[in-house]
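A.B. asks: The following block contains the structure, expressed as structure tokens.
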Amino acid sequence: MALRSMRKARECWNFIRALHQGPDAAPVPQKDAVKRIFSGIQPTGIPHLGNYLGAIESWVRLQDEHDSVLYSIVDLHSITVPQDPTILRQSILDMTAALLACGINPEKSILFQQSQVSEHTQLSWILTCMVRLPRLQHLHQWKAKTAKEKHNGTVGLLTYPVLQAADILLYKSTHVPVGEDQVQHMELVQDLAQSFNKKYGEFFPVPKSILTSMKKVKSLRDPSAKMSKSDPDKLATVRITDSPEEIVQKFRKAMTDFTSEVTYEPASRGGVSNLVAIHAAVAGLPVEEVVRRSAGMDTARYKLVVADAVIEKFAPIKSEIEKLKMNKDHLEKVLQVGSARAKELAYPVCQEVKKLVGFL
């Protein structure tokens, strides 16, 4: 039954426009070129503006445009840093509610909890035994994170890109929507797929990256850094459940410069350009049109315009999250059903890998 389901799944996958593989942009694939899409998000609780514009919004579009997509709440990745079990359990449900409220539809895509599909860790160990230590130590994110922690990072933090590769390859994914900061990790995924195929015969597709159209959303208080939930400055990050008053306050305090005109010049006017990019994204307008409409407006007034646009965008999402969070049983059922569907796809792939490696 699982094999029949997988054959059926293989026949019904397709994907998107802004493809990127390695340093060169790839051509836009035709629908029949796309076999499977996978992406994941850590259970950080309620997403912020950067999560929404950088990933979730494009996920909704992708599931609507294509027949078969998997989205995972990657809780195994989250424990590479210390977690309170009670908070983690709630954060998983909060992220589930947020994804559903934003438009992720379990009938159009498979939404599941990573830790409930044991094949992820099984494949991860096999791939871990194929990658050299220096390769992981030279990844940018490992260097950056261990520098912050004074080289006290865990083995899990070092090897999480291999688990990320297993997440993707386990479903024989052909395309993966990623942000700019994940391109190097996707190169590792591609290399591991090729290494496995070279050793055991052609088995895994070599997945391609899809860069999201929205670049990193910057911190409202420091436009040189990306927006982050862990930012100690609470005015730097807009959560999608913030009240209208909180959103207005955060945009009022957003860092700009001493020039009052609204322009889009990311290299020289990072703060104002970040506001323009956010405004364009939530309003569904080109940056040029946003700048044109803002002619004659000073940045103080413009901050309120952007705040109003964000409030309008998030109002229905916020309301839906509040309703969904009141129904814990429903959220748990969504994850349970999604995890069962994911396992139905993962199990036969993992069994074939075990045969190729010599375990069966």
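Using the three backbone atoms N, Cα and C, a Cβ is placed for every residue, glycine included.
As annotated in Swiss-Prot:
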- 1-18: transit peptide (TRANSIT)
- Q42, H48, L49, G50, N51, G179, E180, D181, V217, K226, M227, S228, K229, S230: ATP binding site (BINDING)
- D167: L-tryptophan binding site (BINDING)
A.B. asks: C-alpha of V217 (ATP binding site) to C-alpha of D167 (L-tryptophan binding site): distance in Å?
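C.D. replies: The Cα atom of V217 (ATP binding site) is 25 Å away from the Cα atom of D167 (L-tryptophan binding site).
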A.B. asks: Express in Å, rounded to the nearest integer, the largest CA to CA distance found among the ATP-binding residues Q42, H48, L49, G50, N51, G179, E180, D181, V217, K226, M227, S228, K229, S230 named in the record.
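C.D. replies: Output for ATP binders Q42, H48, L49, G50, N51, G179, E180, D181, V217, K226, M227, S228, K229, S230: max Cα distance 19 Å.
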A.B. asks: Based on DSSP, name the secondary structure state of L49 (ATP binding site): helix, strand or coil.
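C.D. replies: It is helical.
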A.B. asks: Looking only at Cβ atoms, how many others are within 10 Å of the one on L49 (ATP binding site)?
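C.D. replies: A count of 23.
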A.B. asks: Roughly how many Å separate the Cα of E180 (ATP binding site) from that of D167 (L-tryptophan binding site), to the nearest whole number?
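C.D. replies: The separation of the Cα atoms works out to 19 Å.
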A.B. asks: Counting distance between Cα atoms, which of the binding-site residues Q42, N51, K229 is nearest the residue listed as 'L-tryptophan binding site'?
C.D. replies: Q42
A.B. asks: Can you tell me the three-state DSSP label for Q42 (ATP binding site)?
C.D. replies: coil
A.B. asks: Q42, D167, E180, V217: which of these binding-site residues has the highest Cβ count within 10 Å of its own Cβ?
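C.D. replies: For the binding-site residues Q42, D167, E180, V217, the Cβ with the most other Cβ atoms within 10 Å is D167.
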